[in-house]
Amino acid sequence: MGQYTASQRKNVRILLVGDAGVGKTSLILSLVSEEYPEEVPPRAEEITIPANVTPEQVPTSIVDFSAVEQSEDALAAEINKAHVVCIVYAVDDDDTLDRITSHWLPLVRAKCNPSLDGEGDAEAEAEGDTQREPIRKPIVLVGNKIDLIEYSTMDSVLAIMEDYPEIESCVECSAKSLHNISEMFYYAQKAVLHPTSPLYMMEEQELTSACKKSLVRIFKICDIDGDNLLNDYELNLFQRRCFNTPLQPQILDEVKAVIQKNVPDGIYNDAVTLKGFLFLHCLFIQRGRNETTWAVLRRFGYNDQLEMCQEYLRPPLKIPPGSSTELSHRGQQFLIAVFERYDRDGDGALSPEEHKMLFSTCPAAPWSYSTDIRKSCPINETTGWVTLHGWLCRWTLMTLIDVVKTMEYLAYLGFNVHENDSQLAAIHVTRERRIDLAKRQSSRSVYKCHVIGPKGSGKTGMCRGFLVEDMHKLIGKEFKTNVVNCINSVQVYGQEKHLILRDIDVRHALDPLQPQEVNCDVACLVYDSSNPRSFEYVARIYIKYYAESKIPVMIVGTKCDMDERRQDYLMQPSEFCDKYKLLPPHLFSLKTNKKELYTKLATMAAFPHLRQFGLMTEDPKLWLKAGLGVAAATMLGFIVLKTISAAGAHTR
């Protein structure tokens, strides 16, 4: 796929304005013909310079304005269409210089912001839009006719620049001698493609807060070993990622020397600190090398407004109907590396502070540490902190249910830069479910099980039991935090699979289930075996939603450590399962601390063609007829039979 860089503007439109007689038209004609025109028309026609003859390789349109031929409405339209406005004055005429501040700059501001003008301002106030940031069109001040004087107007122009932050640059030139003509249009191009104002505040002579924030994030991403320094290896990697060239040792030493000279704490242990890194970019901008800082920002996904580009955060991903999304091997390896970088004490778990630091390159953490990841994934049961296994489980969950969010956060964490590829390389799209059914085996490694049952049936305890080593700790526990999904891994015939238990919260027995609550890889219908009225709800759910579907179903009776009560229903649970050719009810209790239930659910999801397990358990030959492919050759069919048949036994 190749490296991704946020794209810059694909074309540039330059508008020249100024008082009559300052030489706007002459400048354009001199650029095109490379000689001074003897006869100058009132206005030059719009011209387009091809990309291959411009320094920035971007097609550029140059537009002339004449107050004699055009109206003020036409001027307003041209100002709004332009990407940059060149205000031209004559260096030998002080009146044209004075008119920059008395007329042209206020005019450009007003045309870009109609609300700054009388009526528009009242309208904006009525609509509550007074807080909107004014639009600042990039401006280049151009002093023409430098061949007529022996002094410079730069001191006067620099004073104007301090009052108008939208002024990107100023240049003195001559249409007659062709002095600085091409440079003038290059500065105009540069004002659009590599603007100064988003990066730097001229008056304060420091980086803008948005630029500083972006560069801090970039520094953290490049700090691979997490020591808050960029060593030679990290700087070289940064250089290659941003500019596709290595950093020569001599150049690197010179850069460090400049930083050391200007920022006492910019270098530490022969490595660049954050202060040194920020100073370096400030220096680039002060020396007119904006394109260097912009190249870095765009490589890390920033657009001209210093916001992360949507195409950088969310590359297009095609997911066929019936397919799901999982982390690829590269995605897992990257997340392991990120975890290990921020596990500063090396204890194999992320403390709340380490977790917060890890997501410091993101707008916010994608989940709550206390009420989400610690409740939905396996944790270190001694400290209550998130383990590497739990960390990967939470990413696996997010990738299945919200892959777009996964891609966004991979970008925030620097996947695109470290892997030199887009986040698509971190995502695996599984084959369609219909193909799994046809091949009689699932190729996926992540399955979703919907746990459905009446309130008080014990389904929440069953879901939470999936996450802990000792389920006895959950007995009598009141679950105050509502956790929708619980995820852990199980072994299915020697292969690691992730199983997500989604606790479907049903308030009333008669409430209909939504399609997204029904559709899953395996359904687990839970009733309280000690409550005579509990099974009826489960039976109705099965008949209404699953009897005619291809989704495998397991019926689970909880609280089997208590006296089993006869159910007030047409059939008892075992009779119901026989009738609908389901496995016998699996009896479950937290007190037994037995976890084969979760393995059986994952197995049923992995082999979706074996929907009617009740039939299969009666005749071993039917397992072979089911056609497990490789399983038949390796006696896997026998293992499946043995595993599933055990579901009929009571687990007390």
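In case you wondered, yes, glycine gets a Cβ from its N, Cα and C as well.
If you check Swiss-Prot, you get these features:
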- Asp223, Asp225, Asp227, Glu234: Ca(2+) 1 binding site (BINDING)
- Asp343, Asp345, Asp347, Glu354: Ca(2+) 2 binding site (BINDING)
- 453-460, 491-495, 558-561: GTP 2 binding site (BINDING)
- 9-194: domain 'Miro 1' (DOMAIN)
- 210-245: domain 'EF-hand 1' (DOMAIN)
- 330-365: domain 'EF-hand 2' (DOMAIN)
- 444-607: domain 'Miro 2' (DOMAIN)
- 1-621: topological domain 'Cytoplasmic' (TOPO_DOM)
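Shown on the structure are the features that Swiss-Prot records.
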residue : record                : Cβ within 10 Å
Asp223  : Ca(2+) 1 binding site : 20
Asp225  : Ca(2+) 1 binding site : 11
Asp343  : Ca(2+) 2 binding site : 22
Asp345  : Ca(2+) 2 binding site : 8
Asp347  : Ca(2+) 2 binding site : 13
Gly453  : GTP 2 binding site    : 26
Gly456  : GTP 2 binding site    : 12
Val492  : GTP 2 binding site    : 22
Gln495  : GTP 2 binding site    : 10
Cys560  : GTP 2 binding site    : 22
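In terms of C-beta pairs under 8 Å, the stretch of 9-194, 330-365, 444-607 lying closest in packing to the domain 'EF-hand 1' (210-245) is 330-365. The local packing around Lys459 (GTP 2 binding site), expressed as other Cβ atoms within 10 Å of its Cβ over all shown chains, amounts to 26. In sequence order, Cys222, Ile224, Gly226, Asn228, Leu229, Leu230, Asn231, Ala271 are the same-chain residues whose CB sits within 8 A of the CB centroid of Asp223, Asp225, Asp227, Glu234, the residues recorded for Ca(2+) 1 being left out. Taking the mean position of the Cβ atoms of Asp343, Asp345, Asp347, Glu354 as the Ca(2+) 2 site, the remaining same-chain residues with a Cβ inside 8 Å of that point are Tyr342, Arg344, Gly346, Gly348, Ala349, Leu350, Ser351. The number of other CB atoms found within 10 A of the CB of Glu234 (Ca(2+) 1 binding site), across every protein chain shown, is 18. Sequence-distant contacts of the domain 'EF-hand 2' (330-365), counting only residues of its own chain at least 6 positions beyond either end whose CB sits under 8 Å from a CB of the stretch, comprise 217, 220-221, 224-226, 373, 379-380, 383, 385-388, 391-392, 395, 399, 409-410, 412-415, 418-419, 421, 423, 425-428.
Nearest by CA distance to Asp347 (Ca(2+) 2 binding site), out of the binding-site residues Asp227, Glu234, Gly453, Gly456, Cys560, is Asp227. Comparing the binding-site residues Asp227, Glu354 by how many other C-beta atoms lie within 10 angstroms of each C-beta, the top residue is Glu354. Candidate binding-site residues: Asp223, Asp343, Glu354. Nearest to Val492 (GTP 2 binding site) by Cα distance: Asp343. When the Cα atoms are compared, Asp345 (Ca(2+) 2 binding site) and Glu234 (Ca(2+) 1 binding site) turn out to be 22 Å apart. Look at Asp345 (Ca(2+) 2 binding site): DSSP puts it in coil. Separating the Cα atoms of Lys459 (GTP 2 binding site) and Glu234 (Ca(2+) 1 binding site) is a whole-number distance of 50 Å.
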